[in-house]
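A short write-up of the structure that comes next.
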Amino acid sequence: GAVYLYNIGNLQCPNAVLQHMSIPQFLGEGTPVVFVRKSESDYGDVVRVMTVVYIKFFVKTTKLCVDQTVWKVNDEQLVVTGGKVGNENDIFKIMKTDLVTPGGSKYVYKLLHCPSHLGCKNIAGNFKNGYPRLVTVDDDKDFIPFVFIKA
């Protein structure tokens, strides 16, 4: 399912990265994201697999929350916003998988969180406090499959 930005806990700025699922209360449209490449030598409209990227929600926001759209992983290993482009701890990569969609598409990917001082960890899904959250996991076989759609 699509990912979206949501406010859990009545914060000033929404910071939860959630996943729509095939469960009626969690169906819906996603929030568009932008992949910001770390290296200026990566140019063009295509983000290649295993390229270092920062992930940023492409959403209208208030002045107060303008810096709260970049993804990061918090101390609970949850994917949230509040990261910074250029911060070595907020790096992600996209990796191709061998999965095929029911429609036959072979363009199925997984996301990895790859802080500079540690190895990469898969992004998987988990319910936390009743919400479908994105989390980092150590198991290479546990991940959410993503299909990217140009917004």
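Cβ coordinates are placed from backbone N, Cα and C, and glycine is handled just like the others.
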Inset, instruction - Have a look at Swiss-Prot and say which candidate in CYS13, CYS120 forms the disulphide with CYS65. - result: CYS13
Inset, instruction - In whole Å, note down how far the CA of CYS13 (disulfide bond) lies from the CA of CYS120 (disulfide bond). - result: 28
Legend entry - Spatial separation of CYS65 (disulfide bond) from CYS114 (disulfide bond) - C-alpha basis, Å: 25
Legend entry - Structural state of CYS65 (disulfide bond), classified by DSSP into three states: coil
Inset, instruction - Tell me the Cβ contacts of CYS65 (disulfide bond) under 8 Å, same chain only and six or more apart in sequence, or just say none. - result: GLN12, CYS13, PRO14
Legend entry - Collapsed DSSP category at CYS114 (disulfide bond): coil
